[in-house]
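The transmembrane segment annotation in TrEMBL covers 12-29, 399-416, 436-453, 465-486, 498-531, 543-560, 566-582, 699-718, 730-754, 766-786, 798-817. TrEMBL lists 388-790 with the feature domain 'GPI ethanolamine phosphate transferase 1 C-terminal'.
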């Protein structure tokens, strides 16, 4: 009964820990990158006398500026020389289609939660130029999914763009007459060919360049048809891209090739300037609004690039900029009410200052002092942006403090969960404990009432402060109450080299922390691991030290590129086959494993198309292959796990990833044979026991193995963005969720191996120590996440923090999910049930 109670408490504590990690992970992102969308903001009245009656917006998905600038696009290049204004549109991370198109159409950069939405499944829930236009005609993304095939042998990606232009010309012949005289008309062309060609064949390929030439030719035909049909010179045109692309055909992170896209504007109301005029991607929305004479989207943070408007009508440009200021002022007011509430009469001094400057601009325009009005308006715009940023970051520091307190309270609870022993209830200490407990409860209630009262009377619309504040109070209170029940106790083994173990653990933590900033430090960490294992493990196997040193090589190598190195992968398959034969396995297991390796080899060499279902069969057969190995022999079962997961990993690999996996497996199995698992651990099994210094360093090993599984073959950028061709043996049709699931599986396979090994090598206390080390590792990273700096720096900081927070939590899940992989036994038709606390 006691064991069942401990097991239940352990699972409840695990669920609590999972929730805390999710709250901390989301909370830090929420504090820095919460939604910029505010509801019920007033719409600024549009201007009269707009230069354009209609605007054609061409978005070439995935077209990077570098390729556009170097490759021939005769019509668009001629536009740049003779009648348009051009520059580079600078996008923000993540460089994906939805955020890019939202920035273009709405002038805002979406919060992280919106990145999980899709265009079809989740309608746009904010204002945009699409909403404000009098008539909208959108073309793109309605063709069959089969057309988005990343296989080079499939249909040309030009088909995607051809469909869009075909639908436009059909509309022109059939329905365009209905809007011939209307104003505020917007036509949007979403052209996916370049993106598909870039993923499949890379941006330097013939296919990618042909897509650019095709788009250029078709835009020329569109412009010619517009001139012929409308014939009023009241049409404006914009050509741009939602994001760029790396040389290896991926996007999502922050390199220049991904964040720099071409931007060309020409036609009615657009000036013709020589030289490059760069803009931010969000600035496109107010430019579209000003050219068409429609209202700027209410949540837009873009600033009108006034130089793109014709210089012959400076007054219109000044009034358009004034409308932009009024729209930004409405956001300043809305964000102030959301962040700080009504407050005192002095709290809105920033808004009053902006209103005075608006009055000054209007007076200058009334007096026909247009140049002076533009100068004041440009100063006012900068202040609007500054004040808007101030209120959006108003609560950041307070939220970060609350999250830090919550994290510290959780760490205290975790330490006592790992090392805690119930206090003896002695009569002479009970009264002191009771008084202390009463004081804690009273302090908690006073703080809670104060927090709720302050929030209620402030009138603050943003409720995040109260939620995070209450969570912080609860965990601080629990952190102070826990020592009343538990006292930390450490178990020191006889003849244990305390100094080496403690010093080595601290050194490993420091190098792992540095490794999150530069993966070369993971090489140093593996060298330190080899030294510690040599000094602390009696009669240590040379293979253990050699594999540790071999693993230290890989973080120092260049990251694995998406271009497949099939020869290297095949060598790994051959090595695995030789090792399989040497292992002296039962004949039926040997035949099955060799058959799986043979089929995997044929798929790699292209003799068999894995997309017919064979790759999926190999993946689905992995658990069956594992369960055939005897579960009562942990080393044989761990060997089964290694081979069972090896084939799917190979099919998703591009280079030396299987080498790292095999070396890690050998290292873990060799560690299993050494004296690290002393008789005390073997006698106690996986039961809870007091933590010892050697347990702590073992936990540090596992933390390093987890991080090495991620960074042994890549870095932060390679994890942030991946190439769809990695999944080419399973699927080439564009399916982001399936492809993402396969990539996550590839990343998870080494972690599953570590999780299986941990069930043999570690007690539950060691597992919790891994969780503790991971949490200590991530605590200082809370303060490195920032919305400032370059977008590459911002994205790297987010990735670094997210990996540090989620890896221990992921290890918790893998630790328990690995139970059937280590216990289900088809050979003896028995399942050994071992529930770890």
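Even glycines carry a Cβ here, placed using N, Cα and C.
Annotations in TrEMBL come from automatic prediction, not curation.
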Dominant neighbour of the transmembrane segment (730-754) in 465-486, 543-560, 566-582, 766-786, 798-817, by Cβ pairs under 8 Å: 798-817
Roughly where does the domain 'GPI ethanolamine phosphate transferase 1 C-terminal' (388-790) sit in mean pLDDT, to the nearest integer? 81
Look over the recorded stretches 436-453, 465-486, 543-560, 798-817 and say which has the most C-beta pairs under 8 A to the transmembrane segment (399-416). 465-486
Near the transmembrane segment (798-817) in space but 6 or more residues beyond its ends, with Cβ under 8 Å, are 14, 17-18, 21-22, 24-25, 28-29, 516-517, 702-703, 706-707, 710, 716, 719-720, 748, 751-752, 754-755, 758-759, 767, 770-771, 773-775, 777-778, 781-782, 784-785, 836
